[in-house]
């Protein structure tokens, strides 16, 4: 019994000093196999190892080392080394960069050329558009659902690290690497030095360029408001690999064998990692410490690296700094060993093992439970000062549209006797601002206080407390992450990860506009909805419309098919009454408001029998307003609906380049600060309009809709000019009145008597002629029936003489 107790005690002591236990993954090798590798085996071009994780699919990874392996089950099966077909003729099959994109593709740079590999179909393809050597492909993967997030993931760069700027070619892709295009580098013309990298920094809605000159690295930015500033310079003696940490929080890791640097704000400040040693905090100088970093692992909140001197370091990365500690020693390192995070607080040490009898490699895996390892008393770490930090905002992407706001909340329960400080951070303060309040609202069963953190977010412009040059352009959509963390959290809070989510300051896809239809031509009995649904057509007269291509006048009437499914019953409008549509803004199927933004309309069939009630002068324009003629050249090129919020210029602002020269032209913008209306011409019939919101400050969405109206009450257009008709009527009336006076007076005179006698004779002659003509007509009518009867009698006699036999 005593022996058993001693054995248990020894086993407990051994476990206490062991980071992890190695187990070997070996599958599919029961029977002997003659499988041989097809193609050229790939290898990593650098002397270290690295495991690239697919951020959105946790079980899919690529191991880069002297051999390359791709797993879809987290290295839980034996694998063949990855090869590239000989038909691609890649030359030396060395990989300098790898990047996962959406779907089942991973992009590789092999010997200066780009290739894509579909790991489900096992197919390779050379990337299109890259004509010069490149060394790296960079991107920032977004894992939320939706087209907006997919668009972020599809933005990529391909570049040659170490290339001279200006001079080196940079390629970009907006379709997930299917094809690349040569980037216009005019914005980089002021930069000099060598290129350390170019990155999509979605956390700040920026493109960042790492430039190296005189052993100093500096991040430069291409978009306003950071395009005239740069990050703080840092030491850059040897080429650094750049890791973009996931979830668009702005965290980066820059490392090589002799250096490891971090940034929490997309490169604006790059600093050293802080080392914790017996409660003493110092900057980790890798070169001075005489260690060689061999493999680096990171996830959204953690960092670890394995050094060739056989030590493993672990740390957490937050906005307050990156702190690491050397874990208890255990022999782990070999030239093939690499590390990666399998989950929060779970670090995997991976070593491929060759099999002399099979082509497939096995894997030695050693799982490090970081939380358990940090409990070692020798590390002297303080316990976590927070018991709970949770919120419903995680794993959800939110949208803040123009003039909107968002409210979030989080629950915090501190450790008993502790008073931690919550921290709220946004990665893009140029676009997104917030206000936070912390309130105590009760206790747990064991007496701990509960706190609720309320956060209100809206565009930085609308808080009104930032310098104009600090805020991003309000017209341009942006992205920012929001993170809730504990400012004074200890390193032992491994399982208490920060709360983070992504905010899109942009178009709310649940919004739409609808033109109100309270009185329609169907409800008033003018049109029949049943007939409208039966392929109803109507005719537009050639005089009433212009061809869509504006090439001369219409030659024929236009027959239009009415789209009842999209348009419904037309709204009823009286032709002579100025009218404008009432536009409703809907969100998530609910009416939000009656829209008062500026918008424009266009009759989609080319009808021109309507006008506007205001001119540039009566609309109080201070510059020449835009109108549809401004965009006619683009319409001829069959471009989409072109007058929108992106190219609209208000005439109510001074514009030296476009002064008000023609104040009497039509003002063709509806809504906003004017009461402009539509005036329909003297024509009854259906009009089908396309409506587009052009106000750039109403919504980031391109809000548009189509609707129809039926104009009634117009009398037919007269064939004569009204002025000519009135002139003829007045002349005829005056002439008749004059004749009624002049004729009786003239008849009393001798000359009048002679004229009267002459007229009498003419009348008698006419009557005689008419009477004779009448008698002759009557005689013909009487004689004609008699001839017909005589002819019929003759035919009867002939028939009697010659009867049929």
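Using N, Cα and C of the backbone, Cβ positions are placed for all residues, glycine too.
Straight from Swiss-Prot, the features:
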DISULFID  20-366  disulfide bond
DISULFID  56-143  disulfide bond
DISULFID  142-149  disulfide bond
DISULFID  384-493  disulfide bond
DISULFID  507-701  disulfide bond
DISULFID  522-569  disulfide bond
DISULFID  621-651  disulfide bond
SIGNAL    1-16  signal peptide
TOPO_DOM  17-723  topological domain 'Extracellular'
TOPO_DOM  746-805  topological domain 'Cytoplasmic'
TRANSMEM  724-745  transmembrane segment
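For residue 493 (disulfide bond) paired with residue 20 (disulfide bond), the C-alpha to C-alpha distance reads 20 Å. Scoring each of the disulfide-bonded residues (56, 143, 507, 621) by how many neighbouring Cβ atoms lie within 10 Å, the top position goes to 621.
The Cβ neighbour count for residue 149 (disulfide bond), using a 10 Å radius and every protein chain shown, is 21. Neighbour list (residue 701 (disulfide bond), Cβ cut-off 8 Å, at least 6 residues apart, same chain): 401, 507, 508, 509, 511. Counting only same-chain residues at least 6 apart in sequence, those with a Cβ under 8 Å from the Cβ of residue 522 (disulfide bond) are 528, 529, 532, 569, 570.
Here the disulfide-bonded residues are 142, 384, 651, and the one ringed by the most other CB atoms within 10 angstroms is 142.
Residue 149 (disulfide bond) carries a helical DSSP state (H, G or I). Between the alpha carbons (Cα) of residue 142 (disulfide bond) and residue 56 (disulfide bond) lies a span of roughly 8 Å. For the pair formed by residue 366 (disulfide bond) and residue 143 (disulfide bond), distance between Cα atoms is given as 28 Å, rounded to the nearest Å. Close to residue 20 (disulfide bond) in the fold, though at least 6 residues off in sequence, lie 330, 349, 366, 367, 368, 369, each with a CB less than 8 Å from its CB.
For the topological domain 'Extracellular' (17-723), the model's average pLDDT works out to 90. Each of the disulfide-bonded residues 366, 493, 569 was assessed for Cβ neighbours inside 10 Å, and the highest tally belongs to 493. Secondary structure from DSSP puts residue 522 (disulfide bond) in coil. Cα of residue 149 (disulfide bond) to Cα of residue 143 (disulfide bond): a distance of 7 Å.
Comparing C-alpha positions, residue 384 (disulfide bond) sits nearest to 143 among the disulfide-bonded residues 143, 621, 651. In the three-state DSSP reading, residue 366 (disulfide bond) counts as strand.
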